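Taking it in order: structure first as structure tokens, then the write-up.
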Amino acid sequence: MINIVLFGPPGAGKGTQAENLKEKYNLKHISTGDLFRYNIKNKTELGQLAKSYMDKGDLVPDEVTIKMLNAKVEEHLDSKGFIFDGFPRTKAQAESLNELMESKGSQINAMIALEVPDEVLVERLLERGKTSGRKDDANEDIIRNRIKVYYGETEVLKEFYKKEDKYYGVDGVGSIPEITARISKVIDSL
Ligand code: AMP
């Protein structure tokens, strides 16, 4: 198995890149944001709980998020590996992901972090908000809160993966194919 954590602030392009990479490397793409949105759309209990956090741009509690992620991985153990997009976002999530992978006799091979300046992020998210229908993309204050939450709670995970010698930074500014090529170079070197 090859398991990649695709990392970066909101608007860095994780979802877009994951879509390209999953085809190229035949990996299962798991986006916790997409899973929450699916639950909201289908009016599940989990969706209702997640919505109150997501609408503000805050993180959904670890316990709920980890349980949902673990269940999704269990469903796809036959795959060649995973691209995790938007997970982990806290140290507890990263530790839990390591435990999960270990329990499957596997591991996270790399964290690939897309680097994009904050002002570009805000611009991209406001642009996406015109068509995404996402409440959390439609308001600049909520967008800025999401970026703040990233720096406050999530960015520390770079250190977590650096310690494990699994951190790879990639310039996330450029055309979509250019960035796919940069990420592919890292994956091919693993
Ligand atoms: P995303 O689609 O990755 O931008 O996520 C959208 C929203 O879903 C985030 O702002 C959080 O409210 C929630 N979310 C997604 N992934 C996680 C996670 N790993 N931990 C906690 N909340 C999450």
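The backbone N, Cα and C atoms fix where each Cβ goes, and this holds for glycine too.
Record note: among 31-60, 61-90, 151-180, 31-60 is the stretch given as region 'NMP' by TrEMBL. For the pair G13 (ATP binding site) and D58 (AMP binding site), the C-alpha distance works out to 19 angstrom. With D58 (AMP binding site) as the anchor, the candidate binding-site residues are G11, A12, G15, T16, G174, and the one with the nearest CA is G11. Take G11, A12, G13, K14, G15, T16, R128, G174, the residues named in the record as contacts for ATP: the widest Cα to Cα gap among them comes to 17 Å.
Comparing the binding-site residues G11, G174 on other C-beta atoms within 10 angstroms of each C-beta gives the minimum for G174.
Summarising model confidence by region, the region 'NMP' (31-60) averages a pLDDT of 97.
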